[in-house]
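Below is one structure, written out as structure tokens; the observations come after it.
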Amino acid sequence: MQGQTQSISFDGREIRLTTGRYAPQAGGSVMMECGDTAVLVTATRSTGREGIDFLPLICDYEERLYAAGRIPGSFMRREGRPPERATLIARLIDRPMRPLFPSWMRDDLQIVATCLSLDERVPADVLAVTGASMATLLASIPFQGPMAAVRVGLLGDDFVLNPSYREIERGDLDLVVAGTPDGVVMVEAGANQLPQGDVIEAIDFGYEAVCELIKAQQTILKDAGIKQVQPEPPTQDQDTKLSTYLEKNCSKSIGEVLKQFEQTKAERDSKLDAIKAKTAEAIDSLKEDDAVRKSVNANSKVLSNNFKALTKKLMREQIIKQGKRVDGRKLDEVRPISSAAGVLPKRVHGSGLFQRGLTQVLSTATLGTPSDAQEMDDLNPGPEKTYLHHYNFPPYSVGETRPMRSPGRREVGHGSLAERAIIPVLPPKDSFPYVLRVVSEVLSSNGSTSMGSVCGSTLALMDAGVPLKAPVSGAAMGLIKEDAEIRILTDIQGIEDFLGDMDFKVAGTKDGITALQMDMKITGLPVKTIAEAVNQARPARIHILEKMLEAIDAPRTTLSPHAPRLLSFRIDPELIGTVIGPGGRTIKGITERTNTKIDIEDGGIVTIASHDGAAAEAAQRIIEGLTRKVNEGEVFTGTITRIIPIGAFVEILPGKEGMIHISQLSEARVEKVDDVVKVGDQVTVRIREIDNRGRINLTLRGVPQNGEETQSEPAPTPVAPLN
């Protein structure tokens, strides 16, 4: 079980690909290792299913908590459903792999990547993507690879290849680039308002490293004596005759529909459906032994698929040769835009409605307390999430009916992209300590709903009074490539996404890019073409941003009356235990007395949440009193809180008490404490002593009462005593 290992070094870090040792019954397998991170990737192919018209590819990413030396916290102590992070990595594998399989393939394909060991310095996702390509090649599956992926970070002015988790958090860029020998096939990025030139340079930097990993895969195949299987479409004479028949009988009528630029999407779809129905009737009237009729009768979907292929061809020709899109727009023109803020009652903390053409997204923003942060129950060692973006895509948004189920991979992916786009402009936690949740409801979809979610989120957050550093907008770019002819499309709609070769989403502020996501339907593009798309997206983004700012030009200065009020301040971390008290009694008493919610971080940051600002301030005074250091000799005016036979307790600061011994109540002898003071009395005391246990001993002797002497500390606002 020795296997074969190929190693490659990047910036002093070695990546190892081991084949022929693990999972011998899988079609192909490879162990990808870097540092102490190890990911086993397998690819398996089984017999195709009858009657399907798509590639049945499944990509899974599995996390095992033993990889980080942990035991699951569930009742069964076993991993449950994949966490969101695993879903996103599965999509990261799928997106560059899917376009590299032949369009005619109908065999079931499954790629499974399992993280067996995780080094916090080496993220596992890009290893899994590269491993998917290697395993597929070893399985002798028709595949237009090799393909590889790397991550690029930016620390200061230097690009870093495959940075650690900490370097990603500290840097201004988190970019994943996947490519083939033909060019870049996938890009995923989050950036801190980075200039376009820097992002393009990073993509070029990453693609150079991708080429090295591609060579390593080719070397493994050569050393193992495995010849890569080249995709060769099966010859189906009947389908060829059907294509010829449709081209002869339908091209003119389809072309006329595509040139009716003023029609709506529904009208265009209806006319195309009518042409297809009429064609089906004509085919049904042909002789029974006619090859075209036999082809359609043999497979109910073959007519629909060939009709779509012809429509795609004609639409692409119209764009390439005439520069005309199906709705009459120029190649760089954005659809009509409308936006509004505050469209829902203020019980919703913030709301925004964004519409571009037929794409309409309603976003809402909710402000929560630090305890609402999401704990990440996965292998990723990152902190709690304090900004959440959830994306919903109901069936009515495309005029369809289907059961409403929990969010799928697409919803998770689109929500993550919109989340990435907004995070760089969120206010610092110490000045705005709220946990934020944005939900984007897609009310109507005709292309680029994820970028519509970004725009709607900006409107909702500004309406909620979140002081964003800058507003963010986004646009989706498309591409049509026919041989050497390339046309880049701005703000693609649904049919252009479906029939085009690229879906490139670009989000950012007027100063720079915050998120990118590029998916291809071809085997790769040169970086130069990607740069053209990024540059063409900027005027569109700025135009969209200007339209959004017409609805709300700055964050609101007040929060919704139904949003919680937060106070945040810092205390000495060594005094956290004083605030919490034995068994949590002190902090529980403060929250019950003031009707507030209090969170304390390990670093000493205290956050108080309440719907009543005065109550939050009262809780703050108590905590500041508990943590304020007092000194012997200081004079305070306080309230008698309780009396015992040997003395009286005085609250000298909110939450901080000292005791006056009976002998310190007066210069004369005192028989009973309540002969001198009673509960509720206001007295001026001096700190006589602080013992080695921190107990404060007070005295009334020699201390003028009734404000006859200047106090070293102003009298605190009276509050009820702690239990």
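Just so it is clear, glycine is given a Cβ too, placed from its N, Cα and C backbone atoms.
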Stated Swiss-Prot location of region 'Disordered', expressed as one of 402-424, 701-723 | 701-723
Whose Cβ, among the binding-site residues Asp497, Asp503, has more other Cβ atoms within 10 Å than any of the rest?
-> Asp503
Average model confidence [pLDDT] within the domain 'KH' (564-623) | 89
By the DSSP assignment reduced to helix, strand and coil, which category contains Asp497 (Mg(2+) binding site)?
-> helix
For the domain 'KH' (564-623), DSSP counts of helix, strand and coil?
-> 32 helix, 16 strand, 12 coil
